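Have a look at the structure below, then the notes.
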Amino acid sequence: MPHAFKPGDLVFAKMKGYPHWPARIDDIADGAVKPPPNKYPIFFFGTHETAFLGPKDLFPYDKCKDKYGKPNKRKGFNEGLWEIQNNPHASYSAPLPVSSSDSEAPEADLGGGSDADKEKEARRVMTVTAVTTTATSGRTESDSDSDKNSDHSGLKRKTPVLKMSVSKRARKASSDLDQASVSPSEEDSESPSESEKTSDQDFTPEKKTIARAPRRAPLGGRKKKKVPSASDSDSRADSDGAKEEPVVTAQPSPSSSSSSSSSSASDSDVSIKKPPRGRKPAEKPPPKPRGRRSKPERPPSTSSSDSDSDSGEVDRISEWKRRDEERRRELEARRRREQEEELRRLREQEREEKERRKERAERGGSSGEELEDEEPVKKRSRKARGRGTPSSSDSEPEGELGKEGKKLAKKSQLQGSESARKPGQKEKRGRPDEKPRARPVKVERTRKRSEGLSLDRKGEKKKEPSVEERLQKLHSEIKFALKVDNPDVRRCLSALEELGTLQVTSQILQKNTDVVATLKKIRRYKANKDVMAKAAEVYTRLKSRVLGPKVEALQKVNKAGAEKERADGEKVEEQPGEQAPRELAEDEPSTDRSAPVNGEAASQKGENTEDGAQEDGQDLEDGPRGGSSEELHDSPQDSSDPARPGNEHQDHERMQLASESADDDDEDS
């Protein structure tokens with residue numbers, strides 16, 4: 001069951017991102033923001049921040065002292081443990097009722113009041129500022145990461161009453177406000193009192209903490225209207241050193257003090273708002289606040305020492321930042337110097353390369369020894385670069401320029417020595433210099449020849465592989481050689497011979513039927529008998545390759561009796577012309593019945609059309625199509641078993657083919 005708490009109870013409060021913090025259940029001041037239901041206003045010791053938390057996040061101090069009361073690294077936590085034990089009523093927000101004497105005290109001070117009052121108020125301000133510096137330095141450094149989670153955790157400030165006083169006091173005459181703003185500035189600048197010195201010392205570290213913890217600004221709470229009141233209270237405490245009450249009420253968190261002290265020019269605005277805050281509590285006479293005011297005076301020495309130590313830490317941090325900035329500047333300067341040096345070196349190298357190219361162009365053929373001389377120069381330049389890079393980062397640019405000048409001098413000396421060697425070498429060589437110039441020409445010629453041969457070989461290799469291409473090429477050559485206007489017999493004979501040597505398959509002939517047709521036509525080329533004979537020979541070769549070797553043997557055997565059986569063969573030619581398939585003969589009548597071939601009369605061509613059509617039909621069946629289906633399939637069977645009774649018709653067809661070939665040979669002869 002959650003514990004019921006009362007105002008003034010000491011507890012450990014748990015907020016997101018923070019350990020169980022020593023805190024106190026606070027009173028709700030008149031006019032202050034009321035907490036939501038089931039939540040208590042909490043005052044955190046050490047940091048002096050306020051928040052609204054539920055009972056589940058609150059743990060009694062006495063019961064949980066051993067569990068949560070252990071020292072922690074978080075700055076402000078150990079101070080909170082000390083405060084909850086030694087000063088449980090500590091508070092920056094002074095109670096609202098203040099006596100008239102207290103409210104009139106700041107006005108008396110502005111007009112030059114008693115010295116005793118000034119000293120008392122100065123001591124109070126010292127204690128307040130000391131605690132603020134400790135809180136700011138601790139909370140900003142340790143909780144910079146956890147602040148993002150706790151930005152919206154519900155921290156509030158107890159300064160709404162002071163805001164109302166500002167609105168009431170805003171009607172005061174401008175002359176009084178100007179006097180109030182001028183008097184504290186003059187006191188801070190001219191009076192050498194110890195209280196003012198301490199206030200200045202406390203004010204400077206607050207300014208320095210701004211650079212460290214600008215992120216703490218949103219931690220102050222959800223209401224941004226109260227931030228200027230906190231800044232006014234801090235600057236007022238540092239400038240006047242005489243108004244402790246308004247400073248206490250308006251000091252809600254270290255974040256507000258750090259953000260408010262960022263601008264030193266806000267002193268004038270602070271002085272304008274001082275009198276309204278001093279007079280607002282004058283309406284409420286109860287003298288209770290004095291008892292609480294005396295309590296913060298107990299540990300003034302410790303708070304002042306803490307403020308001094310914090311200011312020293314801030315000074316150290318600022319020194320470290322300055323050193324870091326100086327180092328960064330030095331590094332940037334070194335980088336710039338190195339970049340400039342690299343650019344200079346690159347430019348020098350480019351110039352040297354250009355000079356070397358010019359020298360090489362002038363020298364011409366004799367470049368062997370020059371390359372040998374250039375290699376040590378490159379090595380030296382590389383060594384010089386290796387030496388120059390580490391020294392450039394440490395040495396000044398003037399020393400670097402001096403080193404670069406030395407390098408250039410060395411390079412110029414080396415170039416001078418090379419130029420001095422050249423005339424001696426030329427004198428020694430004399431005429432032999434001309435010979436190496438002539439040699440490259442011969443080498444180039446040999447290279448060109450070898451390249452030409454290699455190209456020819458490549459061309460031959462490309463032509464060799466494809467048989468179809470050669471067949472088509474020879475076909476075109478034969479057609480071109482047997483033109484009517486200018487026939488070239490030798491070229492035609494050579495092409496026919498090459499065509500006979502080609503290893504042609506039946507598939508290739510089926511694709512290229514035009515070749516077979518032209519060979520048939522050339523067999524009747526009467527302008528030259530050699531062409532006719534060669535064409536007939538090539539035609540028979542192709543036919544034998546397609547039909548098989550046994551057909552050739554039968555033809556040779558039957559050649560002897562071909563002359564005797566001419567008459568019978570002519571009669572029999574009509575029968576196979578009717579029986580044999582005439583598909584190819586019908587497909588190619590146009591080729592045989594086309595215009596007369598070279599030197600052949602139309603009448604002669606017409607006489608031979610009937611016989612030629614039959615012969616061509618059978619030949620085409622045998623040649624490109626591999627013969628008729630019956631002949632091709634039955635020929636191996638006939639050779640294996642010629643005595644079979646069913647093969648008489650096939651034997652008769654073979655005899656006819658043999659007789660036809662014999663007749664063709666006789667006609668050609």
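Cβ coordinates come from backbone N, Cα and C, glycine included.
When Ser103, Ser318, Ser412, Ser661 are looked up in Swiss-Prot, the one carrying the note phosphoserine is Ser661; the rest have no such note there, which does not rule it out for them. Ser366 is the residue among Ser271, Ser366, Ser590, Ser594 that Swiss-Prot describes as phosphoserine. When Thr140, Thr198, Thr302, Thr609 are compared with the annotations in Swiss-Prot, the one labelled phosphothreonine turns out to be Thr609. Ser450 is the residue among Ser235, Ser266, Ser450, Ser466 that Swiss-Prot labels phosphoserine. For the residues Ser100, Ser174, Ser417, Ser454, the entry in Swiss-Prot flags phosphoserine at a single position: Ser454. Ser659 is the residue among Ser91, Ser544, Ser659 that Swiss-Prot describes as phosphoserine. Across the region 'Interaction with DPF3/BAF45C isoform 2' (466-548), mean pLDDT in this model comes to 84. Across the range of the region 'Interaction with DPF3/BAF45C isoform 2' (466-548), the DSSP-based residue counts are 63 helix, 0 strand, 20 coil.
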